[in-house]
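First the structure, in the form of structure tokens, and then the observations on it.
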There are 2 protein chains.
Amino acid sequence: MSSASESLQPLSVSLSPQERFEEYLQTRGLRQTSQRKFLIDAVFSEHDHFDADELIDRLPRRGQENYVSSATVYRTLREFVDAGLLKSFQLDGRTVYELDYGYPAHDHLYCTRCRKLIEFQSEPLVQIRDEVAAEMGFRVSGHRMIVQGVCKDCGKARRKKRKQDLV
Amino acid sequence: MSSASESLQPLSVSLSPQERFEEYLQTRGLRQTSQRKFLIDAVFSEHDHFDADELIDRLPRRGQENYVSSATVYRTLREFVDAGLLKSFQLDGRTVYELDYGYPAHDHLYCTRCRKLIEFQSEPLVQIRDEVAAEMGFRVSGHRMIVQGVCKDCGKARRKKRKQDLV
DNA sequence: ATGACTGCAAACACTTTGCAGCTCG
DNA sequence: CGAGCTGCAAAGTGTTTGCAGTCAT
């Protein structure tokens, strides 16, 4: 039995993302800046997948309060990944980010119709991964799996549409 | 038991890649050209993963016999994917191609040390994928899994090096 | 103060595209 | 002959980088 679920539960963590990042910065002699504080809030207020462009879109524009240049957004996203706050992966040519800190490991179903990413967890999947790797003398550090197809909603919509077409 | 293996066996197919592609072109009113013929040979002579740049590198240069412009290489690679001859996926920002026609479905271990892609097949993996998808009402059309880590050889090399460091 | 950070613009790597001429069917 | 193809160069993406001024510590 696989442990798929519609929405994943956050893990309980002792430090907030902000605190965690502060720690990360301090141990490396890096600095707290208003941009970094603002970005961490922006990123952790949305519990969804996003790419740099989407993030920039919902940030203040040039000239407005709290504007952050795209260069800094790109730079900071990479820092968040280094700090273990975010995970990133490639999808359709661009880099997609998602929460990592305080969030359980999981994989994705990708609906090619509505381009939605749906999360799932499967312990057996990880077991098989490790078995295969062990057989081949490969030391696993992680993996990325994306299942393409059509999600429930789009499947429904499609069937409905077909019925209408017949009328 | 997973069916991992060091090297995958080609499937037996009734048409050669060339014939298959010819068929594809004809059914769509597209044309056989010397460039397309040359590229299909170049691609199917190497049974390895490659990106557009690597392919272009081992092709004749501008001015030489059988030169093909990079624009055409990119265009043709996409056609090969459409025709079901090649598969493509993203790795480290670039598009990686591999044989699909006459080659069994498989997944990859990716060595982050030597950047080698190692193939494996696992039937249980596919079963679990389908179970999870079914539970979530998702119609699967395919998947892509990449396991990151360190391969056997690099693991060896590393251990050796560590021993030496101790001397 | 001083080294890190930011914004800007330019550079980048990879890929796609417009166009004029060439070629297959 | 005409639609499709190719090479070229230019244009696009998405992302990174050099630099000069600014700011946190």
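Every residue, even glycine, has its Cβ placed from backbone N, Cα and C.
According to TrEMBL, the features are:
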{"type": "BINDING", "residues": "A:D107, A:H143", "note": "Fe cation binding site"}
{"type": "BINDING", "residues": "A:C111, A:C114, A:C151, A:C154", "note": "Zn(2+) binding site"}
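DSSP classifies A:C151 (Zn(2+) binding site) as coil under the three-state reduction. Secondary structure from DSSP puts A:C111 (Zn(2+) binding site) in a beta strand.
Comparing A:C111 (Zn(2+) binding site) with A:H143 (Fe cation binding site), their Cα atoms are 20 Å apart once rounded. Cα-Cα distance from A:H143 (Fe cation binding site) to A:C151 (Zn(2+) binding site): 23 Å (rounded to the nearest whole number). Between the binding-site residues A:C151, A:C154, the minimum number of other C-beta atoms within 10 Å of a residue's C-beta occurs at A:C154. On its own chain, A:C114 (Zn(2+) binding site) has A:C151, A:D153, A:C154 as residues at least 6 apart in sequence with a Cβ closer than 8 Å to its own Cβ. Using the Cβ center of A:C111, A:C114, A:C151, A:C154 for Zn(2+), the list of other same-chain residues with Cβ within 8 Å runs, in sequence order, A:T112, A:R113, A:R115, A:K116, A:V150, A:K152, A:D153, A:G155.
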